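A.B. asks: Quick one: the structure is below, and I'll ask about it shortly.
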C-alpha cells in the first residue's frame, strides 16, 4: 500500500513539474514594439483624482489620494496583458485582451466589460460598468519615459502620470 501512495505522490509531482515547465516555455513576454508597452510606476503627480473617484460613486477613504500604482503592459503570443498593482491596497489584477475585441472581468466583485484599441501610438480603453450604468474612457499617452493616463467619466476628467521602469526579465 505504501508503494502505491509513493508512486501516486511521485506521479503528482511529475505532473506538476511538467505543467510548470510548459507554462514557463509558452509564448515569451514582449515588452517592445509599442510605445505603451512596459512597466509604468505612478509618480506623485495627479490631477482631479478625487473628483473622478466621487464621479464613480466610490468612497474617497478607500480610493482617494495618490496610491503608488504599477501598470505592466506586455504582449504574449496573440494577446496583450495589462497588469495593475496597488501594493498598499493588496490589489493585483491581470487583464488579458486583444486590440479591438471586447472582454469581461470583475473588479472587486463588480462585472465590467472593456475594449482596448490603439489610436496612433496611444492606447485607449473603454470600460463599461453595467450595474452602475457608467462608462470610463482611459487614454494612455507616452511622452519619452513618461506615460500620461487620462481617465474620463461623464464630464469629469482626471490624470495621473507614470515613469517607465525596467521590466522583469522573461522567465521563458
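Don't overthink the numbers, they just go from 1 along the chain as shown.
Here the Cβ of each residue, glycine as well, is placed from N, Cα and C on the backbone.
Swiss-Prot lists 108, 133 with the feature N-linked glycosylation site, giving sequence analysis as the kind of evidence. As annotated by Swiss-Prot, region 'SAHS-c1' applies to 30-59, with the evidence given as a curator's inference. Taken from Swiss-Prot, the feature region 'SAHS-c2' applies to 74-102. Residues or ranges marked as region 'SAHS-c3' in Swiss-Prot: 115-164. Annotation comment: Swiss-Prot describes 1-19 as signal peptide, evidence class sequence analysis.
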A.B. asks: Quick check on the region 'SAHS-c2' (74-102): DSSP residue counts for helix, strand, coil, in that order please.
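C.D. replies: Helix (H, G, I), strand (E, B), coil: 3 helix, 19 strand, 7 coil.
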A.B. asks: So how many other Cβ atoms are close to residue 133 (N-linked glycosylation site), meaning within 10 Å of its Cβ?
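C.D. replies: Counting Cβ neighbours of residue 133 (N-linked glycosylation site) within 10 Å gives 7.
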A.B. asks: Could you give me the DSSP helix, strand and coil counts for the region 'SAHS-c3' (115-164)?
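C.D. replies: Breakdown, helix to coil: 3 helix, 40 strand, 7 coil.
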A.B. asks: Across the region 'SAHS-c2' (74-102), what does the mean pLDDT come to, as a whole number?
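C.D. replies: Here the mean pLDDT over the region 'SAHS-c2' (74-102) amounts to 94.
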